[in-house]
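Here is the structure we will look at, set down as structure tokens.
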Amino acid sequence: MTDAQPLVGVVMGSSSDWDTLSGAAEVLRDFEVPHEARVVSAHRTPQLMADYAAEAEQRGLRAIIAGAGGAAHLPGMLAAQTIVPVLGVPVQSKALNGLDSLLSIVQMPAGVPTATFAIGTAGARNAALFAVAMLAREEPRYAEALRAFRAQQAERVYGEELS
Ligand SMILES: Nc1c(C(=O)O)ncn1[C@@H]1O[C@H](COP(=O)(O)O)[C@@H](O)[C@H]1O
């Protein structure tokens, strides 16, 4: 759901990250959270990244989900330039399987935090669920939807049969 006033921004270093970050967009769509998805790179489009970070707060974004692979500087560099919470998703890189992405995102110096999620699609989906949990503090309908999601998830597990 791309909306005139998105609450969550999903950004990624390259369109090649979309396979992973689409997991976040899917969760946000399921929870009917207005969001946007864009390619923004600290390395390749530094000015675009600076503008995105500078405008994030006044545009009303409550969280930015930022995914990148390899030398994943995007989440940290966004966090350096906005107080909107940045939820970092390490994309699974070919060369090092995403360990490089994970360490690039998680090892921030004190003072400029980024939340860091699991490598790959699980991380992307969880970052979106975390954003919904943040929004649930301000809007009860997201809290209700999150409770329903958890209940359905548990139901599925209870209903599983091993053959
Ligand atoms: N880590 C970053 C940043 C950044 O951090 O700004 N910009 C692009 N990239 C990453 O480079 C990888 C390869 O990109 P290409 O597939 O376009 O060559 C992607 O996973 C992307 O996130």
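In case you wondered, yes, glycine gets a Cβ from its N, Cα and C as well.
Each residue in the domain 'PurE' (6-157) has a pLDDT score, and their mean in this model is 98. Taken from TrEMBL, the feature domain 'PurE' covers 6-157.
The substrate binding site annotation in TrEMBL covers SER14, ASP17, ARG44. According to its DSSP assignment, ASP17 (substrate binding site) is helical.
Other Cβ atoms within 10 Å of the Cβ of ASP17 (substrate binding site) number 25 in total over all chains. Across the annotated binding residues for substrate (SER14, ASP17, ARG44), the two most widely spaced Cα atoms sit 14 Å apart.
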